[in-house]
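Q: Supplied in structure tokens, the structure appears directly below.
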Amino acid sequence: MGKIVLLRHGESIWNQQNLFTGWTDVPLSLKGMEEARHAARLIKQTGIEIDAAFTSVLSRAVYSLWLVMETLDRLWLPVNKSWRLNERHYGALQGMNKDEAAHRFGEKLVYHWRRSYHGIPPPLTGDPRRLHQEPRYRHIALSDLPGGESLEMTQRRVLPYWQHAIAPRVISGESILLVGHANMLRALTMFLEKTDENEIVDLTIPTGIPVLYEMNGSNIIGGRSALI
């Protein structure tokens, strides 16, 4: 029986400031660093020994994973990073205060963008090649780089990597740690739990709380287990 531990990165400085982050690369806050270490201690209490680790190419997730692996004394394990595990791209909302966005666009519309499956925020304006010039994204086709995503679009980006790189290892019986992001994990959780579009509105992924799934083949056994 394989295991997958899903963990949202620790609090970032933009989480702390209530800003939309998306693909903007921001560091962890001091609180976020401790959340990552605490998450590792919660994982350790289960007795699970992590066989492989996956994360995005965004620093807040990469560093959270590093802190977890350091605390678990498993820094020697190779880490698999992919842009497909990045947070949902929030388009023109990135860097904007969430309360200010609600005031500017209206609470109902911003809620729709944030929580629904199909809602797409205003796209990022400017030259799309700017993101492509970053070393971490140069290998990606320009047409694949988002300028704003719905949860549905995020799911379409994440699932091929899950199915190709992660799921086979879980199915083979390994214990896998995936450190990701709020909406990226909402998209994956929706797939794993077969959640419908109406239910996903209410799913929130807090920072620093590991969630364990035990899987027999591709089927979840016993549901979600938050390690708190």
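Even glycines carry a Cβ here, placed using N, Cα and C.
When I checked TrEMBL for this same protein, it listed these features:
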ACT_SITE  His9  active site, tele-phosphohistidine intermediate
ACT_SITE  Glu87  active site, proton donor/acceptor
BINDING   8-15, 21-22, Arg60, 87-90, Lys98, 114-115  substrate binding site
SITE      His181  site 'Transition state stabilizer'
Q: Cβ distance under 8 Å to Arg8 (substrate binding site), same chain, sequence separation 6 or more: which residues?
A: Val179, Gly180, His181, Ala182, Leu185, Ile205, Pro206, Thr207, Gly208, Ile209
Q: Going by Cα-Cα distance, pick out whichever of the recorded positions His9, Glu11, Gly22, Lys98 is nearest to the residue listed as 'active site, proton donor/acceptor'.
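A: It is Gly22, whose Cα lies nearest.
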Q: Find, for the listed binding-site residues Glu11, Trp14, the residue with the lowest Cβ contact count at a 10 Å cut-off, counting only other Cβ atoms.
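A: If we count Cβ atoms within 10 Å for the binding-site residues Glu11, Trp14, the smallest count is at Trp14.
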Q: Please name the residue among the recorded positions His9, Arg88, Lys98, His181 whose C-beta has the most neighbouring C-beta atoms within 10 angstroms.
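A: Of His9, Arg88, Lys98, His181, the one with the most crowded Cβ is His9.
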Q: If you draw a 10 Å sphere on the Cβ of Glu87 (active site, proton donor/acceptor), how many other Cβ atoms land inside?
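A: So the number of other Cβ atoms within 10 Å of Glu87 (active site, proton donor/acceptor) is 25.
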